[in-house]
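Visitor: I am attaching a structure below and will ask some questions about it afterwards.
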Amino acid sequence: MAAKLGSFRKSFAEKRERERFLPSKGSSYLGFPLLEEREEEEGKCFSFRTLSEKLANGYNGFQEFVLKAFQMGKSDPRKVVFSAKMGLALVIVSLLIFLKEPFEYVGRYSVWALLTVVVVFEFSIGATLSKGFNRALGTLSAGGLALGMAALATLAGDWEELVTIISIFIIGFIATYLKLYPTLKPYEYGFRVFLLTYGFIMVSGYKTREFVNTTVSRFVLIALGAGVSLIVNTCIYPIWAGEDLHNLVVKNFMNVADSLEGCVNGYVRCIEYKRVPSKILTFQASDDPLYSGYRSAVDSASQEDALVGFAVWEPPHGPYRMLSYPWKSYTKVSGALRHCAFMVMALHGCVLSEIQAPAEKRQVFCTELQRVGKEGAKVLRELGNKIKRMEKLGREEDILYEVDEAAEMLQKKIDRKSYLLVNSQSWEIGTPQKGVRQTEDLTSTHESTMPEFKSLSDLGQLPNLASFDAGNSPATRFIPAVSVSSDSIFNKQVSLPATLTSITDEESSNEDESKTYESASALSLATFASLLIEFVARLQNLVEAFKELSEKAHFKEPVGHYVLEA
């Protein structure tokens, strides 16, 4: 069955047909392989040419890798500094290999110090402290337990090997099971070190019978490696996880603000994607600025949790000089921001939607939509700058006043122009009065001459309506054609023959079905406006979370506040 003109099936089929003729990668517009592809296929016949192409591609790939590595270090010099610090720590510990005094066994077991530096030395100081503590705790507890179990195994005589094997199984089972407990997840690395140390001491001590010497040497060298890592990481260009968390939250505020403003501006300007990138459809990283902005905020939850876990280990430093600094309040603020970012994601979905509102209807609400988007982005940027400067909101400052007023004006405009957002011909608001004439040139009348309905109940008084937009003469009275049914129009006409009547009914039915896609297109505009208003409503929760953070973290008063008090 053929799809009717204007229906969903017809509209989607036309779009799929257009996309089918778009050239795919490696093909021309006519569907034939490109010249480069044909040459590549022909080159496969010659082994020497294929080998040379592979070598050239490998060389080009290596050049691209070197360039990207250089750009990474240039964009974040801390990564270069961190790599240099790691090399310095390894050099210091490697000197232990040549050390013969005061302990001869230090040089023999120095590999444990090297291994500790490689494992413990992390990018931030908080991560280094966390891993160092876990490694020290796991080594110390496993060493003490291994000494006790070794003594019991020795007393077992001929059953020593069996006791050792059973103890390794029991300890491995208990430690692994406890490692899976949710509240002990931050100590997972400590459990791994515990298992490694216990097994190493029990097995190596059984052969050498030097349980105490093995335990002490391992603990001393691990402590030495962890100490070198901590000193080098703290004293040379320290990198703080708390500061990274602070900057990440600020960056997310700015990114969501940019995405919000871009989505609104793109929607009212009728910007359309010829083909939606597959990476956006599968929620993967993409170069689209609107998409990458809110995606960074939505996807940062795991990164923020990791940074909070490291930041709590860091001592007071810089502007974070409080003991027990409220780092978890940053995750609350970020969670409230993420709640708003979901609305921005939905707004971007309207921009990417298969069903789009006509441009002329978008222009009716253009000013109000842009104002809400601008004021909403302004609030996000203001809160981001407040966090960056660590400032409180002013006591008499209502940061949401302008955006709330803009949302209210948008809602009032929707109330007045609601007839543009639905198929008003299908409204069932009672039987229209007879004798109402239809205005023939209504479709060519400017949008500003349309009557404004405050609610659906006003449409029951269609013949008595006299409300007009500003600038229209109140003496001119007309009734929109959308309010008059076909029955009232043909009431005074001569009855048609039965054949013509059936043809007329069929055409009317087809016309109604062709309006389906048009009605859905108008509703998409209402969806976009309602999502924008919901975004404004969610800003209140974000402001409350910011106020909680500013109080707990003792943010400073804004500069203008002191001027007002003076």
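Positions of Cβ are set from backbone N, Cα and C atoms, glycine also.
Just so you know, TrEMBL annotations are computer predictions that nobody has curated.
Sharing the features that TrEMBL gives for it:
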TRANSMEM  80-99  transmembrane segment
TRANSMEM  111-129  transmembrane segment
TRANSMEM  136-156  transmembrane segment
TRANSMEM  162-182  transmembrane segment
TRANSMEM  189-207  transmembrane segment
TRANSMEM  219-240  transmembrane segment
Visitor: Under 8 Å for C-beta pairs, could you tell me which stretch among 80-99, 111-129, 162-182, 189-207, 219-240 has the largest tally with the transmembrane segment (136-156)?
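Guide: Going through each listed stretch, the top one turns out to be 189-207.
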Visitor: Give the one range among 80-99, 162-182, 189-207, 219-240 whose Cβ atoms make the most pairs under 8 Å with those of the transmembrane segment (111-129).
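Guide: Highest pair count goes to 219-240.
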Visitor: At a threshold of under 8 Å on Cβ distances, which of 80-99, 162-182, 189-207 pairs most often with the transmembrane segment (219-240)?
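Guide: If we count Cβ pairs closer than 8 Å to the transmembrane segment (219-240), 80-99 scores highest.
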Visitor: What else in the chain is close to the transmembrane segment (80-99), if you only count residues 6 or more beyond its ends and a Cβ gap under 8 Å?
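Guide: Same-chain residues near the transmembrane segment (80-99) but 6 or more away: 73, 106-107, 110, 113-114, 117-118, 121, 123, 221, 224-225, 228-229, 232-233, 236-237, 239.
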